[in-house]
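Single-structure report; data block below.
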């Protein structure tokens with residue numbers, strides 16, 4: 001990115017124009033709301049100029065009728081000749097000092113040059129993010145302004161989605177949720193801890209969405225190549241405690257089931273088996289929350305599982321059969337229904 005500063009200093013009868021970096025030294029009426037009008041007509045200007053290599057430094061001193069000294073130091077990069085009008089226009093900072101009196105005005109204009117030096121700068125990502133936000137505002141927010149005004153008053157989502165924090169599996173993007181349609185919880189490996197114990201962050205969001213928002217559906221959605229599940233499957237019980245280990249041990253029941261039923265498979269296949277098993281384990285954990293179980297029993301809330309395979313771009317969806325699960329309580333396991341495969 002090329003940064004050039006242009007200053008325009010308007011003095012009585014003669015403008016001074018130069019591409020420069022401007023710093024104000026000492027006390028100055030520039031800091032006041034406006035210049036005294038009488039001062040502009042009686043200002044005395046003196047100054048000096050020193051040039052070293054390609055840098056030229058000019059210091060100007062002003063003495064106005066109120067005997068107040070103003071010092072401006074301008075450090076100038078000498079520009080090569082032959083600049084195009086477009087290059088001269090694309091200057092990111094303009095400073096104006098006017099004798100008529102609105103003080104110092106600053107206007108910022110950002111430009112980007114397609115040079116190798118600018119590609120890896122950290123603010124490039126935010127520049128693109130800014131562009132995406134402005135497109136969203138123009139193409140969606142302003143087009144659906146009434147909808148967003150209603151959402152500003154309250155939310156009434158029909159879905160609670162519990163999804164993995166993996167950057168590749170954003171549920172709103174994959175499943176097309178629009179603002180106000182889904183309350184979304186994201187954590188490593190889309191786990192739901194049991195009611196009796198476990199970290200409380202997911203539990204708090206669950207309580208809010210079920211009791212306050214009164215969602216009608218809970219969808220626990222997992223995905224292929226899940227790093228959290230892979231960590232769970234390769235975790236040694238003797239490993240030193242860590243934040244990651246303390247969280248992923250929530251899925252130990254799914255790991256145990258996978259080891260018991262899929263031990264003949266390769267490690268990668270076991271991980272894929274556990275990715276789906278952990279979804280059902282989370283659905284069963286949801287029923288350990290009294291207020292979830294109560295609403296499910298009354299038919300006010302349904303529990304669903306989903307699995308997104310982003311390698312093949314397929315999605316599998318199923319529903320937990322609450323009534324049959326009551327019958328299975330003594331024998332263990334779980335019952336599902338309405339399985340669908342989207343491809």
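Just so you know, the numbers here start at 1 and follow the chain as drawn.
Cβ atoms are placed via backbone N, Cα and C, with glycine included.
Of all Cβ atoms in the shown protein chains, 24 besides its own fall within 10 Å of the Cβ of residue 223 (Zn(2+) binding site). According to TrEMBL, the Zn(2+) binding site annotation covers 164, 166, 223, 226.
Reduced to three states, the DSSP call for residue 166 (Zn(2+) binding site) is coil. Close to residue 166 (Zn(2+) binding site) in the fold, though at least 6 residues off in sequence, lie 223, 226, 227, 228, each with a CB less than 8 Å from its CB.
Within the same chain, the residues at least 6 positions away from residue 164 (Zn(2+) binding site) whose Cβ sits under 8 Å from its Cβ are 186, 187, 188, 189, 190, 221, 222, 223, 226, 228, listed in sequence order. Summarising the environment of residue 226 (Zn(2+) binding site), the number of other Cβ atoms within 10 Å of its Cβ, over all protein chains shown, is 23.
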